[in-house]
Amino acid sequence: MESWLKISWVLCIFGFLREIRPSEPYHAEILMSDWYHVTQEEINRSVYPVGTYSYLALQIFVFLITDFLRYKPVIIANALTGILVWSTLLWTTTLTGLQVVEVFYGFYQAAEVAYYAYIYAKVDKKYYPLVTSYTRSAMFVGKLVGGLLAQLMIGMHWMVYRQLYIISITSQVLALFWSFGLPKVEKSLYFHSQSGAGKDDTKSDAAVIENGSQKPEETVEKPSPATKQSFHAFQLLWTHFHSAYTNPTVLQWSLWYAMILAGFLQISTYMQVVWKSYDEPTIAWNGAVDAALTALSAVFSLLAGYFPASRLKTRTSFLTIAVLSVLQGGCILLSSWTSNIYYSYLGYVLFGGLFAFTITVASSELASSLVEDSFALVFGFNTFIALLLQCILTFVVVSENVNLNLNVFEQFTVYAFYFMVIGIVYFTVVVLQCVWSGVKGPKTNKEVVN
């Protein structure tokens with residue numbers, strides 16, 4: 001077995017173990033039970049928003065510290081934080097305790113970047129498509145197993161909701177032990193991009209020592225290797241950032257990526273609160289729904305790989321996904337306007353599948369327009385913008401600071417029209433571009449070259 005394949009499988013097993021969290025599909029069910037002294041309104045407006053704001057606040061910091069520490073320590077910290085989060089949920093019962101948990105959960109989500117970035121520092125670039133597929137598939141499989149396990153435990157009455165935390169903790173402990181076996185990363189993209197950085201500086205320092213003496217003025221004025229390394233790192237960051245976001249194609253797809261990701265994060269965070277508002281069925285099928293969404297997302301992501309977006313004109317690609325965005329909004333309306341919880345389940349699963357398709361196409365189009373080494377920076381920054389948009393949605397729609405007084409079903413109506421408006425805006429832009437191109441006439445050979 002080749003070394004790149006060994007490293008991939010070691011990392012994939014970590015991702016698989018990390019995602020086996022059967023308590024996740026029933027998180028709202030557990031928090032709104034008699035064990036916790038909080039109401040549904042407090043969960044909706046005072047607990048979940050803390051996680052959203054924490055995720056945003058930590059995203060850029062975690063991205064930089066991940067590169068500086070060379071991935072593995074952050075992966076270990078991620079597993080440790082998972083143990084802390086679900087252990088704390090076992091014993092805390094207060095609103096304040098749950099808000100503290102959400103802060104740590106924000107770090108747990110932000111540190112996921114180390115899992116995705118690690119493999120690119122350990123394998124040759126020619127294997128990037130394969131290892132990307134493996135690492136994402138491993139997380140899909142883990143999430144699928146977690147959903148099925150949750151439904152089995154609850155459906156067969158082998159566990160009550162809160163006991164699912166025990167399995168989630170166990171999987172995080174296993175992931176922690178496994179993470180110690182990950183090979184060390186000798187270099188990273190920005191802060192350790194050159195192995196042996198600083199060695200030449202050390203030699204030049206030694207060169208100024210003559211006859212046992214050293215010139216103190218030169219020593220004081222000369223920047224340290226660490227300072228030079230940091231300057232080089234931020235200079236490279238800016239070069240990649242400027243190169244990416246001055247490209248109109250990257251800018252358009254990045255904006256699309258950020259907006260639909262923000263909507264998906266908001267929907268997935270609060271969907272269980274909607275289901276809790278229905279007349280509950282004899283058995284809550286949250287676990288099965290989560291498993292179905294994961295399976296459909298995996299299939300749609302695979303189909304997106306065969307979608308000929310790269311062979312279509314950019315306008316045609318945008319037009320196609322604009323239509324899909326409107327359909328996503330329709331699925332959200334189905335989830336929140338129906339009086340039947342099973343239709344709500346169906347709408348959510350279809351929404352997740354469509355999101356997986358569109359985000360995969362957007363990621364592929366972005367990757368094809370980027371310098372290879374800027375993948376992590378661009379996707380990290382786009383995620384940051386998505387989180388910023390999610391925080392704005394949370395503040396405006398959910399927060400008590402803005403007195404809209406929307407119930408959870410009305411909030412989801414806003415999210416549905418958010419997706420529809422995105423689709424309509426992009427559709428309008430494409431139409432205007434076509435009209436403008438018709439007015440200007442066909443491009444000359446010189447314009448095509450430029």
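Each Cβ is built from the backbone N, Cα and C atoms, and glycine gets one as well.
Feature annotations, reproduced from TrEMBL:
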TRANSMEM  46-66  transmembrane segment
TRANSMEM  73-91  transmembrane segment
TRANSMEM  103-120  transmembrane segment
TRANSMEM  140-158  transmembrane segment
TRANSMEM  164-182  transmembrane segment
TRANSMEM  250-271  transmembrane segment
TRANSMEM  283-306  transmembrane segment
TRANSMEM  318-337  transmembrane segment
TRANSMEM  343-363  transmembrane segment
TRANSMEM  375-396  transmembrane segment
TRANSMEM  416-436  transmembrane segment
Residues outside the transmembrane segment (318-337) whose C-beta sits under 8 Å from one of its C-beta atoms, at least 6 past its ends, are 252, 256, 260, 263, 267, 271, 274, 309, 312, 343-344, 346-348, 350-351, 354-355, 357-358, 361-362, 408-409, 412-413, 415-420, 422-424, 426-427, 429-430
Tertiary contacts of the transmembrane segment (140-158), as residues 6+ beyond its ends and Cβ separation under 8 Å
15-26, 164, 167, 171, 283-292, 294-295, 297-298, 301
Short question: most Cβ pairs under 8 Å with the transmembrane segment (283-306), which of 103-120, 164-182, 250-271, 343-363, 416-436?
343-363
Under 8 angstroms, Cβ to Cβ: which one of 164-182, 250-271, 375-396 has the largest number of such pairs with the transmembrane segment (416-436)?
250-271
